[in-house]
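**Student:** This is the structure, below, for whatever I ask next.
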Amino acid sequence: MTYIYRDTKITTKSTIPFLIFFLFCFSNLSMATLKHKPVNLVFYVYNLIIIFSSHSSTAELRRLLQPSKTDGTVSFLVIGDWGRRGSYNQSQVALQMGEIGEKLDIDFVISTGDNFYDNGLTSLHDPLFQDSFTNIYTAPSLQKPWYSVLGNHDYRGDVRAQLSPMLRALDNRWVCMRSFIVNAEIVDLFFVDTTPFVDKYFIQPNKHVYDWSGVLPRQTYLNNLLKELDVALRESVAKWKIVIGHHTIKSAGHHGNTIELEKHLLPILQANEVDLYVNGHDHCLEHISSVDSNIQFMTSGGGSKAWKGGDVNYVEPEEMRFYYDGQGFMSVHVSEAELRVVFYDVFGHVLHHWKKTYKEALYFAS
């Protein structure tokens, strides 16, 4: 079956399907949750409208709202490179995510891309969505929004299917757009579509076929994205700024640094005093600092298949803080006073932790 997608706006013509879609998704919400946290309904309705109108062909940065806890803090997990129907320890990582997520009382989960292997989703009806997502991440603590970006493997499938808000009829946790912003009060999270930056996917795709619908003309798409990101970062009034993309900027892993992102994206992050850049792509867990900026580079790409050994060869050893070539995930806890990151292995053991106080961030910025 072939699906035809058009840029969607909430108009009179689209009101009826939107209302049907909203009622379906709303019926899956926990009434107990809404009873105790009625403000969540406001956020839910607003976000649903934005998501429903988001799968356009532009690089426009849509904004979603994510409430913090009553104490003002925000906690979330980060996982990348995972969708393999539970194989390569994906199910075991999911189990530990559920346990850590409960301990931390997380507000949401972030996926750094390569959500469905090997070649994304084939359609809205691809069973891979439920086999690799819904039926794997079943813990109560993981029944929260999953804010997701696309990876290069996702671009080998039907991109519009994975971006479609209609997937929320199957699992209302799923939130996937090309590039977007989540405003979580004390922290702003900027999700960036990094795959179109990488030249080799266009010049030397080998046997792979990429779905570039909505991206071409490429240069216009990238210019618009970089411009909007720069403006959004500059205008952010949040205490903390975190940027999420699939591809590495700095990495000691198999893929190493992404030259195109070093050239085009990194200067914008440096100029706007971003605190973290979080990515997947390399199937490992790692933390790299920076000698010339405030940015910390965190890789969380150990959601399933990992690449063992032989990859650590970073050209700036003084920046290398942590590298682990196995499966796992990371957590982030944000408060007014500090930003805290923890890496976990497939057994839930803490491998590495790092924190920065807001005073330190101000000192470096000055």
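Just so you know, glycine gets a Cβ as well, placed from its N, Cα and C.
Sharing the feature lines straight out of Swiss-Prot:
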ACT_SITE  His255  active site, proton donor
BINDING   Asp81, Asp114, Tyr117, His283  Fe cation binding site
BINDING   Asp114, Asn152, His246, His281  Zn(2+) binding site
BINDING   His281, Asp282, His283  substrate binding site
CARBOHYD  Asn89  N-linked glycosylation site
SIGNAL    1-32  signal peptide
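Map these features onto the structure and tell me what's around them.
**Tutor:** Neighbour list (His255 (active site, proton donor), Cβ cut-off 8 Å, at least 6 residues apart, same chain): His247, Thr248, His281, Asp282.
Under the three-state DSSP scheme, Asp81 (Fe cation binding site) falls in the coil class. Within 10 Å of the C-beta of Asp81 (Fe cation binding site) there are 30 other C-beta atoms, taking all protein chains into account.
In the structure as shown, the Cβ atom of Asn152 (Zn(2+) binding site) sits within 10 Å of 21 other Cβ atoms.
In three-state terms derived from DSSP, His281 (Zn(2+) binding site) belongs to neither a helical nor a strand segment and is classed as coil.
Sequence-distant neighbours of Asn89 (N-linked glycosylation site) (same chain, 6+ apart, CB under 8 A from its CB) are Ser304, Ala306, Gln327, Val346. Under the DSSP three-state reduction, Asn89 (N-linked glycosylation site) is assigned to coil, being neither helix nor strand.
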**Student:** Between Asp114 (Fe cation binding site) and Asn152 (Zn(2+) binding site), what is the CA-CA distance rounded to a whole number of Å?
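**Tutor:** Asn152 (Zn(2+) binding site) has its Cα 6 Å from the Cα of Asp114 (Fe cation binding site).
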**Student:** Look at the binding-site residues His246, His281, His283 and tell me which residue has the greatest number of other C-beta atoms within 10 angstroms of its C-beta.
**Tutor:** His246
